[in-house]
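K.L.:
Quick one: structure below, then a few questions.
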Amino acid sequence: MALHRVNTDDYQQQLDHKVDRLRQAYAPFTSLAPEVYPSPPNHYRLRAEFKMWQEGGRVDYAMYKQGEYKKPFVIEEFTVGSRRINELMPPLLDAINQSEILRKRLFCTEFLTTLSGDALITLIYHKPLDDAWEQEARALQEALGVPILGRSRKQKLVLDRDYVIEKLDIDGRTYQYKQVEGSFTQPNGEICRSMIQWARSCCEDASGDLLELYCGNGNFTIPLAEKFRKVLATEISKVSVNSAQENIAVNGVENLDIVRLSSEEFTQAIDKVRPFRRLKDFDLDSYDFSTVLVDPPRAGLDADTCAMIARYPRILYISCNPQTQLENLEELTKTHKIERFAIFDQFPYTDHTESAVLLVKK
């Protein structure tokens, strides 16, 4: 199915197929029926990237079928994209085609939007960006009323700002997040909200302290903090750490600290294998971690991290790759039992799914 235009009548059937497949895959570890969180069937994707096809003095949004990278097809609408993306696509393209400076050697356009209506456009070029480009881009920015950012090799030109502000209403409170261009953000806003609400519900009776690995910009950490005495979160990306620190402050969270460490480094630190200067102001022994939250990349957890988190009473494991989560569950279910199992349709009309489990020590 071409993802730029989908038949929403097929959505439930496709979701049912995914759920059946995952239920069978997880059967060796749990007999629980999964809690299923469907996506909106349309306009669910908050970010998009289009290659720009140049032909006959004109440029168009384009996509390529897998394995056919020399045969682009022009995109006139992107119904899985947010309504804000679809609103911006036509006037942006018209303006680019009216300006040789903006059009010349443009090869990619990226949109970053939010549920709260904010937007950012990035134009990426195979040429240096000069004063003439900046002048044209500023006029475009004013006409669209949306921040424009230009990129080329070793060059990033920010005309206004390089981030959007998301606002999520969760359990009666509004949380605000700074999301920086080029850093990781959840692509499906409604599913993101569902995952946060699910994680909070798993922590209703929690006590002690929370450890989160791979915390990103604080997406889960910040709404969960009120459920615990103290929270320590780790993240390897400097950009995400900086965003998380700003998000912690703007949301008024006072019991949460973040440190820039990989999961492997934190495992070495907690085991006192070696010291880290970035932890010099932290007393790890002062924490009483009762719950660990992990949301790793597609590769899943490495063996040392998996062994480390198995020491703690409760593990919340959210995964964008059920296959690697299943591999980790081979080890984690030796010490823990799955008490809750959820499926989030983060990526409709594809084979990809987000899965989550709450594991409690046996």
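Cβ atoms here come from the backbone N, Cα and C positions, even for glycine.
Relevant sequence annotations retrieved from TrEMBL are reproduced here:
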- Q186, Y214, N219, E235, D295: S-adenosyl-L-methionine binding site (BINDING)
- C320: active site (ACT_SITE)
- C320: active site, nucleophile (ACT_SITE)
- E354: active site, proton acceptor (ACT_SITE)
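Structural setting of the listed features?
P.N.:
Classification of Q186 (S-adenosyl-L-methionine binding site) by DSSP places it in coil, neither helical nor stranded. Sequence-distant neighbours of Q186 (S-adenosyl-L-methionine binding site) (same chain, 6+ apart, CB under 8 A from its CB) are L46, C192, M195, N219, Q346.
Annotation for C320 (active site): same-chain Cβ neighbours under 8 Å, separated by at least 6 residues, are D295, P297, R298, Q346, H352, E354.
When secondary structure is read from DSSP and collapsed to three states, E354 (active site, proton acceptor) falls in the strand class.
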K.L.:
Which of these recorded positions has the least crowded Cβ, counting other Cβ atoms within 10 Å: E235, D295, E354?
P.N.:
D295
K.L.:
Over all pairs within Q186, Y214, N219, E235, D295, the annotated S-adenosyl-L-methionine binders, what is the largest Cα to Cα distance, rounded to whole Å?
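P.N.:
Site span for S-adenosyl-L-methionine, by Cα atoms: 16 Å.
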K.L.:
Looking only at Y214, N219, which of these binding-site residues has the biggest number of Cβ atoms within 10 Å around its Cβ?
P.N.:
N219
K.L.:
Starting from the S-adenosyl-L-methionine site formed by Q186, Y214, N219, E235, D295, give every other residue of that chain whose CB sits within 8 Å of the mean position of their CB atoms, in sequence order.
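P.N.:
Same chain, not in Q186, Y214, N219, E235, D295, Cβ within 8 Å: F184, C215, G216, N217, F220, S240.
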